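Look at TrEMBL and you will find B:391-412 tagged as compositional bias 'Basic and acidic residues'. The annotation domain 'RNA polymerase sigma-70 region 2' is assigned in TrEMBL to B:6-71. If you look up TrEMBL, you'll see B:103-153 marked as domain 'RNA polymerase sigma factor 70 region 4 type 2'. Taken from TrEMBL, the feature domain 'DUF6596' applies to B:172-264. The annotation region 'Disordered' is assigned in TrEMBL to B:375-412.
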């Protein structure tokens with residue numbers, strides 16, 4: 001029985017790095033995803049558009065209030081995430097460590113998925 | 001009697017049951033059930049020949065009963081069946097291993113330091129939540145919530161119940177030792193029960209990991225520091241090492257600590273705890289051989305470079321090279337926030353015939369513990385007469401109080 005974990009990638013708001021920087025990073029990321037797939041750990045992975053493209057909805061009575069996103073006004077937002085399955089936290093953290101290495105200096109949050 | 005067994009065997013029993021049940025809460029419940037049964041039955045029926053074995057077997061049977069009672073789905077039935085057929089021998093044989101696993105679970109780096117400490121005291125030390133809350137001066141509900149949350153994380157995030165693989169062991173072991181030393185430091189000055197608990201945990205670690213010199217180093221360090229406990233407070237005030245009544249030193253602790261230091265030296269795989277123990281062993285054999293202390297600090301600085309360690313080295317250096325050389329080293333350190341930095345400067349300045357008042361004031365501004373503040377105030381009052389040798393002892397005393405878990409911040 002395995003446990004699924006959400007590996008959230010936190011990145012500072014602002015422009016993405018230039019292609020010559022981003023290129024090798026994305027190649028390394030794809031290689032890591034490939035390795036996760038080969039080991040049966042990979043479940044799902046996405047990158048997201050910038051937080052300025054987000055829209056927030058909140059129900060209030062019968063109405064749904066709509067505001068320009070993102071939800072939190074921090075300086076960092078989730079830029080993408082990977083869902084993996086692992087035996088235990090140590091195994092998940094090992095993948096998280098690898099992801100943090102590829103995406104340095106971004107922070108990776110490892111969080112167990114319920115159910 | 002039950003209470004003694006509880007204190008000695010609680011951690012062992014919870015460890016075994018955690019393996020059998022795969023859940024810490026269930027394990028704790030089962031073990032508490034078993035002890036409750038013991039309280040009822042032992043007074044009348046007598047203490048069984050192997051109290052620990054009795055507790056574990058009873059707890060297991062209780063857990064089986066409970067699982068059967070609660071069995072709704074197939075899974076719990078299966079679990080109960082599994083437990084019933086668990087061969088007795090394996091339980092006993094794996095006990096030491098089980099405790100080790102539980103220690104590494106409690107001190108998992110994904111848990112905060114406070115949570116690590118609380119879990120270790122609760123699950124391995126057998127302390128109640130109320131006792132832990134009292135020890136750390138937090139309200140009981142706060143401590144209860146901290147423990148519940150930590151256990152929730154262990155379960156939900158699946159923090160493994162396992163001894164780390166070799167590659168991870170050094171780092172993971174450091175975390176475990178830091179937790180034990182933190183417990184010790186929390187208690188050394190005025191809470192003997194916590195310090196004793198830390199020493200007890202240190203002995204468990206030494207028993208479980210006899211090939212790790214740092215484990216023995218930590219035990220030696222705690223024994224040597226604790227040996228001076230009764231001598232170091234008088235009327236609530238701190239007594240400096242050279243003023244201490246040595247007949248109040250715990251001779252057994254000194255002897256055991258020094259023997260362990262000798263064993264570590266023969267091992268020749270030095271580490272921060274062993275070096276700090278060695279420094280304390282030198283202090284335990286007065287008059288202090290300062291050249292040896294400086295040499296040990298040189299090693300410690302090389303191994304764990306930090307301004308705090310450098311500060312303590314400078315204090316020893318004042319004894320071998322004089323206060324001028326020591327002050328030069330101290331002034332180069334970036335430790336303005338640390339009260340001992342200013343206290344050390346004050347003493348060196350005084351020895352050089354300069355005015356230490358401003359430095360003492362700065363130290364007083366930053367010191368927190370009442371006994372430390374009293375000592376500084378007294379010095380300010382008399383302004384003088386103290387040699388750096390006093391300060392070394394003072395530094396020793398107070399540095400250990402530092403609550404940071406990093407060994408390099410616990411240099412003596």
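Note: Cβ is positioned from N, Cα and C throughout, glycine not excepted.
For the domain 'DUF6596' (B:172-264), the mean pLDDT of the prediction comes to 90. Per DSSP, the domain 'DUF6596' (B:172-264) is made up of 72 helix, 4 strand, 17 coil.
Secondary structure of the domain 'RNA polymerase sigma-70 region 2' (B:6-71) per DSSP, as helix, strand and coil residue counts: 58 helix, 0 strand, 8 coil.
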